[in-house]
Amino acid sequence: MIMKLPAFRTVFEPFRIHSVEPIKMTTPADRKARLATASYNLFQLRSEDVLIDLLTDSGTGAMSRDQWAAIQRGDESYAGSPSYFVFRDAVRDLFDFEHVIPVHQGRAAERILFSVLGGPGKVVPNNTHFDTTRANVEATGAAAVDLVIAEGRDPASLHPFKGNMDLAALEALLTERGADVPCVFVTITNNSGGGQPVSLENLRGVRELCDRHGKLLFLDACRFAENAWFIREREGGQGERDVVDIVRDIAGLADGMTMSAKKDPMGNIGGWLALDDPDLAQECRNMLVLTEGFPTYGGLAGRDLEAVAQGLSEAVEHDYLRYRIVSTAYLGEALQKIGMPVISPIGGHAVYVDARALLPNIDPLHYPGQALAVALYELGGVRSCEIGTVMFGRRPDGGEVPAAMDLVRLAIPRRTYTQSHFDYVIEVCERLVERAHLLPGYRITQEPKALRHFTAQFEPITR
Ligand code: F0G
């Protein structure tokens, strides 16, 4: 007889480890020296001097046995490689667009699409543009506007779909400036807004507005699988559905997509641009050949195309997604318990700490996010990413203003760290909360004109 037992609470990693990478141990004194050499910019560290690297979830995940096997099947023919067709069919199985154009990573898809659709006087709405998306829109002379719902800008709001587009604001924009809008974008999940999902209902609303105003709807779909899992968990009537079907519904509402395969598709590199319109696709392919490569490889090796095709099928497995979302929440909820202010609900790929709330003694123009990120590294060897005044505070005229929020993102590479790595990060954060009032602010001693967060040099402001 089979006894009916309650379900177990522990959601463990749905994989065993097959190949390992050593972590080189360092002490706070070692890291203090490394920080000085790097001018307190965490992008300037050598990654081998990092214990737990939560800088990004982009291209940093572990590939599976089956992806490594697929790599061996990679066919490196210049034109018409079988690996392209494996890739194209894997993309179309989820996102049924006629034209699938491989690129080396997401921003290449953005550059190509906006160089065709953008231009001076145009305006591209999005829930929130990621920084490369915004930069590629603006590089053509067009304006990028963010129209996320008000709850999406409130770190404490518990709205289940904080990535949703503000439909009233989108309608107003389309009514006032319709002729200038070449397409509408929706980013799933909304990375810059805390990895927050967009609901199917909201996407249907955006589609309806696009139909009414005759506009193309594109998805920036990097974290589509995590978004679909949130829809399954949180949206009425979706709880019993296969994530694959939810993804197909999402794709069915759009006219095209840009993709970084370094996120949910589990690649270390790769991306694509996919769309239905044949004329637009032809113009994009013309651009592709200039800088990325022939349309059946677009800047990738055949082996990369195979790895991404296999990764796509793994990204939509329920056991994987349950573990992925639960493990991000595990870290986020533990940080909340120890008094770290974090954006709630916890997002899909990252935990976002509100550094301005944690460090009220540091003026936003002395970069509380940078102060927290540097301290996390020095204390525990944990690398994170400032998303605040360092990243967004510089104005084109050279002036400086505080960003809307000073956040620190702890991004979680896919299938890479285990629960004990997270327990260590939680312990480091606990120690840090105790000494938060002692942390110094920073000043910038040297910076480039654009994207300063990658290379700026800092020094602590000693009190
Ligand atoms: N769109 C979103 C929502 C992203 O998060 C990224 C990259 C891109 C586009 C660009 O893709 O890097 O392949 O060119 N995000 C990374 C991050 C870099 O750390 O969040 P890419």
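From the backbone N, Cα and C atoms, a Cβ is placed for every residue, glycine too.
Automatic prediction, not curation, is the source of TrEMBL annotations.
Noted in TrEMBL for the protein shown:
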type: DOMAIN; residues: 53-426; note: domain 'Aromatic amino acid beta-eliminating lyase/threonine aldolase'
type: MOD_RES; residues: Lys263; note: N6-(pyridoxal phosphate)lysine
Looking at the domain 'Aromatic amino acid beta-eliminating lyase/threonine aldolase' (53-426) alone, can you tell me the average pLDDT?
97
Suppose we draw a 10 Å sphere around the Cβ of Lys263 (N6-(pyridoxal phosphate)lysine). How many other Cβ atoms does it contain, all chains included?
29
Where the residue listed as 'N6-(pyridoxal phosphate)lysine' falls in three-state DSSP terms
coil
